[in-house]
Amino acid sequence: MKVMEKKKRDWNSLSIITIITIILLTPCLTSELWVTVYYGVPVWHDADPVLFCASDAKAHSTEAHNIWATQACVPTDPSPQEVFLPNVIESFNMWKNNMVDQMHEDIISLWDQSLKPCVKLTPLCVTLQCSKANFSQAKNLTNQTSSPPLEMKNCSFNVTTELRDKKKQVYSLFYVEDVVNLGNENNTYRIINCNTTAITQACPKTSFEPIPIHYCAPAGFAILKCNDKDFSGKGKCTNVSTVHCTHGIKPVVTTQLLINGSLAEGNITVRVENKSKNTDVWIVQLVEAVSLNCHRPGNNTRGEVQIGPGMTFYNIENVVGDTRSAYCKINGTTWNRTVEEVKKALATSSNRTAANITLNRASGGDPEVTHHMFNCGGEFFYCNTSQIFTDNITNGIIILPCRIRQIVSSWMRVGRGIYAPPIRGNITCNSNITGLLLTSDTPVTNNSGNLTFRPTGGNMKDIWRSELYKYKVVRIEPLSVAPTKARRHTVARQKDRQKRAAFGLGALFLGFLGAAGSTMGAAAVTLTVQARQLLSGIVQQQNNLLKAIEAQQHLLQLSIWGVKQLQARLLAVERYLQDQQILGLWGCSGKAVCYTTVPWNNSWPGSNSTDDIWGNLTWQQWDKLVSNYTGKIFGLLEEAQSQQEKNERDLLELDQWASLWNWFDITKWLWYIKIFLMAVGGIIGLRIIMTVFSVVRRVRQGYSPLSLQTLIPVQREQGRLGEIDEGGGEQDRSRSVRLVEGCLPLIWDDLRNLGIWSYQSLTSLACNVWRQLKTLGHLILHSLRLLRERLCLLGGIIQYWGKELKISAISLLDATAIAVAEGTDRIIEAFQVTLRIIRNIPRRIRQGLERALL
């Protein structure tokens, strides 16, 4: 019996363990997916932030670019970094790149700042009385290196003196092309474009010598760089890297020829937005630079004329030689080879052969378009390029005749002009031709026919595009959601007091995007490190900037515009704080991976198979799939967190019972008195109800109480002797109901009875629950036993029928084999009989003939 009872107890324990295991494993067997928040994923979107510039400007230099760079740019990073992104394919479009617009605005700001302190030539919009000027030309200039001399006019005009109410007459030399005749009078002139253009005189020390400028993205943003050779500037790029800043770009303002730019890698590259439009510019990037050496010989005497209070006009007092005559030299052999390669590249781009491509001179337009215009040593050169844009290019030294203009149309805005004061002495500048700006006479619509390309210019954005074609700015979006099988543990009956650990700072900012080409599963492993890199990169960039400014504090002079660019770098810190605020609204503050209670909807991407998205997709690809649902998911996360906080608040109210010391707080005594009075009232009411129920029960049994305060003795049985003094006889068995007197004994008696009753009730309830659990355990155990028996029976049946089927199959195969063998034997025997009959036919004929003869 003891052994049976022990086995019974073991079976009961086993049944309870089985029930608990089933209850715990039931949630694990479900395949429902839940929303999981990931912070630090390598995801980005196209953006147009305010970029800031960096340069190695020298504050002691008076050149305009240096002055502007010291006031608008920060020092360059001494250790620039570039991180390649494997397995990343990104789209670029040089024709719709906000970086070009920003650089264009910056160069306009540079020129405006260079011309801002200089004199407006509005007072010179007066009538000029001019006559032909006679002076001796220099004899050292040949016809090969100079243009034909131009006639000069000696003009007199009235200007305001230091006293505004008085005027005086002054004299100045002007070339004929800088003045326009008025009316029919031969001696009356005015300055060209004076009535339609606001002309600003450039400062005498302005040289416009460009220095390399780097464009950098603020922290929280990144610059993606396409490293594909022969990249057309638009489309997919497979070799992508991320950088802090671009390479150094020299903002050279020029037309027709690209000077001192970057060279192509591999082959000459041709880039055009729309080939079917003959107005679009074809940007040609060379592989090998061609030297361009320009020189302005001669000398002149520059004078100063006061044209008003505090306004000085720098004029030409005397001329020695033709100071407006200049020339540029190009190696004809190198240029001829370059032109042939350019023709091949244009032919390949337009689906033609090189024989169908022709280069010709500019057809017409403004002087800035028909000539190669550029600034050399503070003077604006206008060079005739008809000798190099032709099919008959000499192999010797090609000399391009140039002219220097004093009044130049401004490329920055319509209706503006620049007066360049004459520069003393010889001017020489050596440059490198790195590209061409061309237009086609006819649209490229088919694969046949000849094409003629001509040099063009005027839109300076094309120059910036030739350098920024391989860059784009993106905004890093480190916050993403994805489906997983894990669910957040929510508050049920006890307060979750687990503290979230804050992660530290470290690593590099660019390394954050290093896992962009990895799958979601591989990148998710390093989310904590990437989240650290995100904020660490922001802090590191700020520290690098502050160190660079501190190191060059005596050189750096930030203007208001420069401070604005500097403040743009603080945008990333604000974005990081915003992301942390959003994570806080979802209950995920300080976590790189945060599980939630929001179920993943079956209509959302990735609901069918999570293994496919985690093993095959990158975070960038996944973000494109789920981008249409993120708004709804974010809203559900906020609602779930609000409900979670409500549950925690409700539970927090019960958490006051956790501290016993709070029970003795004097502020809660009134609450204790109230509870005591309510308890006493409840006990008294319960006592009255129990008394009434007791009286009713006894009355129903035939009992009529005389008084509730009188002891009622129980009648003694007849025939019994009473108790005597000597102790004889039987003890009296009469009893009386115990009467409790006083308030406290009454309360104690009621509490005792209530406690006993509660204990008995709870004990009975516990016993019933235990019996039910044992019954349920026996039932489950019995069910499992029956299931095992049924499975064993099913296995036996399957084994039996499998054996029978095997035997039947073998028998069928044997019978088939026997039948086939017998049939084959009969066929062979019949065939043999037929052959014997055929073989015996001659014998039978012979035997018949023998019988006939006999």
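Every residue gets a Cβ built from N, Cα and C, even glycine.
Within 10 Å of the C-beta of C53 (disulfide bond) we count 23 further C-beta atoms, all protein chains included. According to Swiss-Prot, the disulfide bond annotation covers C53-C73 (among others), on the basis of sequence analysis.
The disulfide bond feature in Swiss-Prot is assigned to C118-C203 (among others).
Per Swiss-Prot, the feature disulfide bond maps to C125-C194 (among others); the stated evidence is sequence analysis. Classification of C194 (disulfide bond) by DSSP places it in coil, neither helical nor stranded.
DSSP assigns C155 (disulfide bond) to a strand in the three-state reduction. If you look up Swiss-Prot, you'll see C130-C155 (among others) marked as disulfide bond.
Residues or ranges marked as region 'V1' by Swiss-Prot: 130-154.
The N-linked glycosylation site annotation in Swiss-Prot covers N134 (among others) and rests on sequence analysis.
Annotated N-linked glycosylation site per Swiss-Prot: N140 (among others), in sequence order.
The N-linked glycosylation site feature in Swiss-Prot is assigned to N143 (among others); the stated evidence is sequence analysis.
According to Swiss-Prot, the region 'V2' annotation covers 155-194, on the basis of sequence analysis.
Look at Swiss-Prot and you will find N195 (among others) tagged as N-linked glycosylation site.
For C245 (disulfide bond), the same-chain residues lying six or more positions away in sequence with a CB closer than 8 A to its CB are A54, T76, D77, P80, H214, Y215, C216, A217, I223. The secondary structure of C245 (disulfide bond), as reduced to three states from DSSP, is extended strand. Taken from Swiss-Prot, the feature disulfide bond applies to C216-C245 (among others), supported by sequence analysis.
Taking all protein chains in view, 21 other C-beta atoms sit within 10 angstroms of the C-beta of C237 (disulfide bond). Taken from Swiss-Prot, the feature disulfide bond applies to C226-C237 (among others).
Following the DSSP three-state reduction, the secondary structure of N260 (N-linked glycosylation site) is coil. Shown in sequence order, P210, K250, V252, S431, N432, T434 are the residues of the chain, 6+ apart in sequence, with a C-beta less than 8 angstroms from the C-beta of N260 (N-linked glycosylation site). The feature N-linked glycosylation site is assigned by Swiss-Prot to N260 (among others), with sequence analysis given as support.
Look at Swiss-Prot and you will find C294-C328 (among others) tagged as disulfide bond. Secondary structure at C328 (disulfide bond), taken from DSSP and collapsed to helix, strand or coil, is strand.
For N351 (among others), the entry in Swiss-Prot reads N-linked glycosylation site. Taking the Cβ of N351 (N-linked glycosylation site) as centre and 10 Å as the limit, one finds 12 other Cβ atoms among all the protein chains shown. Reduced to three states, the DSSP call for N351 (N-linked glycosylation site) is coil.
Taking Cβ-Cβ distances under 8 Å and a sequence gap of 6 or more within the same chain, the neighbours of N356 (N-linked glycosylation site) are A347, G449, N450, L451. Residues or ranges marked as N-linked glycosylation site by Swiss-Prot on the basis of sequence analysis: N356 (among others).
Looking at N426 (N-linked glycosylation site) and C294 (disulfide bond), their Cα atoms lie 11 Å from each other. Fewest other C-beta atoms within 10 angstroms, among the disulfide-bonded residues C194, C216, C376, are seen around C194. Put simply, C376 is the one of the recorded positions C53, N351, C376 whose Cα lies nearest to the Cα of C328 (disulfide bond).
DSSP assigns C588 (disulfide bond) to coil, not to a helix or a strand. Between the disulfide-bonded residues C130, C155, C402, C429, C402 has the most other Cβ atoms inside 10 Å of its own Cβ, all protein chains included. In this structure, the C-alpha atom of C237 (disulfide bond) lies 38 angstrom from that of C429 (disulfide bond). Secondary structure from DSSP puts N356 (N-linked glycosylation site) in a helix.
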